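Summarising the annotation, TrEMBL assigns transmembrane segment to B:29-48, B:60-77, B:83-101, B:158-177, B:211-232, B:244-271, B:283-302.
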Amino acid sequence: MMIELENVTGGYGHRTIIEGIDLLVAEGETVAILGVNTAGKTTLIRAISGALPHQKGHIRFEGRDISDDPPHARVSSGLACVPEGRHIFPQMSVVENLMVGAYHRRSSALDEDLEAAFTLFPRLKERRRQMAGTLSGGEQQMVSFCRAMMARPKLLLMDEPSHGLAPMMVEEVHSAINDVNSRGIAVLLVEQNVSSALRVASRGYVLDHGRITLEGTAGELADDPFVKKTYLGI
Amino acid sequence: MKRSLLILAVIAIAAILLGLALDPRSYGVRVLCLILMAAALGQAWNIVGGLANQISLGHAAFFGIGAYTSTVLQVQFELTPWIGMPIGAVLAAVAAGAIALPTMRLKGPYFALATLAFGEICRIGAQAMSGVTGGPQGLSVPFYGDSLAMMQFRQPGAYVPLFAALFFLVSAVFAVMSHGRLGYMLRAVRENEEAAEVTGIDTVRIKLTGAIISAACTALVGGLFAQFTFFIDPDTVFSTTEISIRAALIAIVGGVGLLWGPIVGALFVVLVEEFLNSTLSDALPGISPFLFGVALVVIVIARPEGLVSFRHLVTDRFGKKGKEA
């Protein structure tokens, strides 16, 4: 198992946002977490990345309990994150942003990884010297995506990668997720855009008021009357 | 980066040659030493203030620790500053680590105030520990005459190579850092701390490393300052205005976070100060700090990149292309 959450509860101070979360992602799998705003999706992702340590329960990565690891140590273990709202380094160039993503590794194969990252989004290669803060929203999302890939992750966490993007850009990001997945990297994807998330992912969980209320394969979820009514508007 | 190091070496050698050309006892040589020292001080501050963007107003703490460590070791044990100064750098690094741990989560003015207070604590501490530091009366460097082994000379001219070497050392540290892994990581932390952390950067360790290197460099400048002036007291080497604010002023006026910033800033600050002191000190005493305050406000508002951002005025005139980014 790539990652395993067991009865994870977390939030800010005394305010619990997510409660009793059990979740699995297998090697090479793409899993979506669906839910409306305020369902606790970002809190869940931040608990897994370590940016907001969870309060109860266990998170195991490749069988090892990482609950007490700080975020940077989790990245070193192979758990990279594309945070919500992109969070790029605006005053640094595209290449510098990507290089920072690989610095914790102390390896010398940076150029290879850079090329591999650029194959996901060739457009970034043209803009490699440009300040990341001057890029469009979609391009910034690409930078954030590629920066996470520079860590050579085994599991990629993505928090709302399509948020605020033009429909064409959403397609591009989702096809990049498929591309990453075909390289054998597992993806845990948080999306508000349920219909497109169910096209990318093979399995999904529905998060509602901080609890998982439904889980199943993408097909099952797409056919579920509750999901249809609540998220797909059918 | 190689090009930057080469230019730095040329500047340092040019300063040494200029020192040889001038009368070793002259006022000009003294000003040259002050410029090199100011540039080294500003550059040491620039590591924390520029790369990590933490505006420290307490660098006098490290300057003073450096000055007192090597001087006290000379007075008590006749230990040469060649060894005493590195010991001072280590002690300053330890102090920087101790103060960085509780303050590194602070931002902007809060970090500035905490470091300001730390500098003052060190000044008062040095006054109180009169058994070791001589208290408010200060401490004289024991005189051995011209002695390279004890790093002291009768004429200011002999200090020019020392200051030039220190200037080169600190600037090279900055250049290597800002072009290397550590510099990028510091910049990433500065731009977005949480993103840096989830990108795999150990933000605590990176900030600590920056603070320690900056403090060690500052302590070396303080140690050489003591050798140059032969006398130190708490109000001078732990001075908030003369050291802490001055270090920040030099870097910010010149161009914060840029390698050439403190160099341009040091030229500006020292030359203007010396000119005003020699021409207007009778009519308008204390005019230079006033002017520097005004310059700081104007630059921060109108030219946040500092005086370095005017370089195109020079390069255009010579028909050269602007320096590539």
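These residue numbers are counts, starting from 1, taken along the chain as shown.
Note: Cβ is positioned from N, Cα and C throughout, glycine not excepted.
Counting C-beta pairs under 8 angstroms (sequence separation of 6 or more), the transmembrane segment (B:60-77) fails to reach the transmembrane segment (B:283-302), with fewer than 3 such pairs. Contact check: the transmembrane segment (B:211-232) against the transmembrane segment (B:283-302) gives fewer than three Cβ pairs closer than 8 Å, residues 6 or more apart, which falls short of the contact criterion.
Using the rule of three or more Cβ pairs under 8 Å, pairs at least 6 apart in sequence, the transmembrane segment (B:29-48) is in contact with the transmembrane segment (B:244-271).
Same-chain residues lying 6 or more positions outside the transmembrane segment (B:244-271) and placing a CB less than 8 Å from one of its CB atoms are 4, 8, 11, 31, 34-36, 38-39, 41-46, 49-51, 53, 55-61, 63, 115-116, 119, 171, 174-175, 178, 218, 292, 295-296, 299-300, 304-309, 311. Sequence-distant contacts of the transmembrane segment (B:283-302) (same chain, at least 6 residues past either end, Cβ-Cβ under 8 Å): 241, 249, 252-253, 269, 272-273, 276-277.
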